[in-house]
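The zinc finger annotation in Swiss-Prot covers 7-41, 98-144 and is backed by sequence analysis. Residues or ranges marked as Zn(2+) 1 binding site in Swiss-Prot (evidence: sequence analysis): 13, 17, 29, 32. Summarising the annotation, Swiss-Prot assigns region 'Disordered' to 57-101. Positions annotated as compositional bias 'Basic and acidic residues' by Swiss-Prot: 74-89. As annotated by Swiss-Prot, Zn(2+) 2 binding site applies to 104, 107, 125, 128, with the evidence given as sequence analysis. The feature Zn(2+) 3 binding site is assigned by Swiss-Prot to 118, 120, 134, 136, with sequence analysis given as support.
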């Protein structure tokens, strides 16, 4: 019974950090064990990257005329998405002259913090805050249709079971 008690008594961390370790974590405390795993993971990824770069250099040396490999499909999609966002943002920036956000766009009255920001992106006073008053270019009908379409997806007949 004394031997069983000795097996279960806590052991100090193998790194002598002052905390207790367990046999499941190689006699390390949880923090030291986590650090050890992190170091092993970093070294394995570094070795993997090194072998890939050496293989790429060897392949490039053997065929100096070969074209560069195409980028992965995911990066193409990301580049296309970024270019679409930039294209969509450019016309908005080019539409109006640089404006002072503290003045109404229509009457140029100072509004300060009491100004109303419209969905078209401009600031208006209390008189011109409504879309009809400042000839808003924002398409509220399209926004409403998009919200309804998003909230109520189309139910396809082939997914429903017939009674």
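Glycine is treated like the rest: Cβ placed from N, Cα and C.
Shown on the structure are the features that Swiss-Prot records.
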residue: 13; record: Zn(2+) 1 binding site; Cβ within 10 Å: 20
residue: 17; record: Zn(2+) 1 binding site; Cβ within 10 Å: 13
residue: 104; record: Zn(2+) 2 binding site; Cβ within 10 Å: 22
residue: 107; record: Zn(2+) 2 binding site; Cβ within 10 Å: 12
residue: 118; record: Zn(2+) 3 binding site; Cβ within 10 Å: 19
residue: 120; record: Zn(2+) 3 binding site; Cβ within 10 Å: 17
residue: 125; record: Zn(2+) 2 binding site; Cβ within 10 Å: 20
residue: 128; record: Zn(2+) 2 binding site; Cβ within 10 Å: 23
residue: 134; record: Zn(2+) 3 binding site; Cβ within 10 Å: 20
residue: 136; record: Zn(2+) 3 binding site; Cβ within 10 Å: 16
DSSP helix/strand/coil residue counts for the zinc finger (7-41): 17 helix, 6 strand, 12 coil
Nonlocal neighbours by CB distance (under 8 Å) for residue 29 (Zn(2+) 1 binding site), same chain, sequence gap 6 or more: 13, 15, 17, 19, 20, 21
Residues near residue 32 (Zn(2+) 1 binding site) in space but at least six apart in sequence (CB under 8 A): 13, 14, 15, 17, 19, 21
Secondary structure content, the zinc finger (98-144) (per DSSP, counts of residues): 8 helix, 6 strand, 33 coil
Distance [Cα-Cα, Å, rounded] between residue 125 (Zn(2+) 2 binding site) and residue 134 (Zn(2+) 3 binding site): 10
Nearest of the binding-site residues (118, 134, 136) to residue 107 (Zn(2+) 2 binding site), judged by Cα-Cα distance: 134
Averaged pLDDT, computed only over the residues in the zinc finger (7-41): 83
Residues within 8 Å of the 104, 107, 125, 128 Cβ centre (excluding the Zn(2+) 2 site residues themselves): 103, 105, 106, 108, 109, 111, 124, 126, 127, 129, 134
Rounded to the nearest Å - Cα separation of residue 118 (Zn(2+) 3 binding site) and residue 128 (Zn(2+) 2 binding site): 10
Remaining residues near the recorded Zn(2+) 3 site, that is with C-beta within 8 Å of the centroid of the site residues 118, 120, 134, 136: 105, 119, 122, 124, 131, 135, 137, 138
Cβ within 8 Å of the mean position of the Cβ atoms of 13, 17, 29, 32: remaining residues of the chain near Zn(2+) 1: 12, 14, 15, 16, 18, 19, 21, 28, 30, 31, 33
Of the binding-site residues listed as 120, 134, 136, the one whose CA lies nearest the CA of residue 104 (Zn(2+) 2 binding site): 134
Whole-number Å value for how far residue 128 (Zn(2+) 2 binding site) lies from residue 120 (Zn(2+) 3 binding site) (Cα to Cα): 13
